[in-house]
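Listed in TrEMBL:
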type	residues	note
TRANSMEM	22-44	transmembrane segment
DOMAIN	24-196	domain 'Cation efflux protein transmembrane'
TRANSMEM	56-74	transmembrane segment
TRANSMEM	86-104	transmembrane segment
TRANSMEM	110-133	transmembrane segment
TRANSMEM	153-170	transmembrane segment
TRANSMEM	176-194	transmembrane segment
REGION	244-269	region 'Disordered'
Amino acid sequence: MKSCCESKTSELMQLRASQAKVLKILLILNASMFFVEFTAAWWLGSTALLGDSLDMFGDASVYALTLYVLHRSLRARAMSAMVKGVMMLALGAIVLVEAGFQAFNGVAPAAHGMGAFALLALAVNLACFAMLWRFKSDDLNMRSTWLCSRNDIMANAAVFVAAILVGWTGSRWPDVLLGAAIAALFLQSAWQVMGDARLEMRAAKQGTQGTAAIDAAAPAACTTAVTGGMTTEDVETQAIKSGGSCCSPKPAPTETAPASGCCSSKRCD
């Protein structure tokens with residue numbers, strides 16, 4: 001029979017493998033849609049569609065970063081989330097500038113083409129959202145990835161509505177205003193992701209201080225995980241926040257009997 005630590009490590013490895021498989025599919029889908037939508041945006045002269053294409057590019061970059069840190073430390077994953085937040089911030093600024101330019105110099109885009117590409121992007125992002133749903137509470141990186149996908153669906157639907165309004169009114173303003181709204185959504189999401197990343201980085205920094213705290217906190221964290229129904233990511237996060245992991249090495253034997261826990265010589269029932 002496996003010990004608690006061996007079992008939790010196996011579960012975590014299986015979880016990471018499942019995440020990696022899904023992220024690779026999402027990376028291919030979003031990178032492909034970026035080229036399609038970016039080309040269409042310039043061809044049709046749509047600010048909203050341009051913003052949506054840059055969103056696809058941002059998502060592809062997000063998935064690549066998430067894959068890179070998938071098997072790395074909590075601090076590395078927090079740094080990745082911070083990079084995602086900065087990237088979202090930059091994309092929001094780009095779309096905001098383009099919306100301002102189109103407001104004074106632009107013309108109404110081709111509504112039919114704008115709507116068709118918006119529906120295509122919506123279909124792709126709905127598929128991505130469905131694949132990410134079961135991973136949305138696993139850890140910070142998967143949650144930030146899921147938030148990106150959720151934002152994409154909202155943006156795609158809004159672009160389609162804007163296309164209808166452009167065709168109905170013959171005005172560029174629905175497209176320009178939506179471009180500005182997408183930029184605002186980018187900025188709000190970036191702030192949220194960066195805030196979460198700062199908290200994770202602080203927790204990871206605290207987790208590296210003091211080997212004595214590591215050995216004292218690890219058994220309690222692991223025991224709570226076994227009896228409390230926590231996820232494997234919760235185990236890792238809780239242990240690191242308190243100063244260690246459930247499988248951290250034990251000190252050499254002394255005359256004092258070691259505290260019992262899931263990582264002692266005792267096996268779980």
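Cβ coordinates are placed from backbone N, Cα and C, and glycine is handled just like the others.
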Two-stretch contact, the transmembrane segment (22-44) and the transmembrane segment (176-194), at least three Cβ pairs under 8 Å: no
Remote residues contacting the transmembrane segment (56-74) - C-beta distance under 8 A, at least 6 residues beyond either end: 16, 19-20, 23-24, 26-27, 30-31, 33-34, 37-38, 80, 83-84, 87-88, 91, 121, 128, 141-142, 144-145, 148-149, 152, 200, 203-204, 207, 236-237, 240
Among the ranges 86-104, 110-133, 153-170, the one whose Cβ pairs under 8 Å to the transmembrane segment (176-194) are most numerous: 86-104
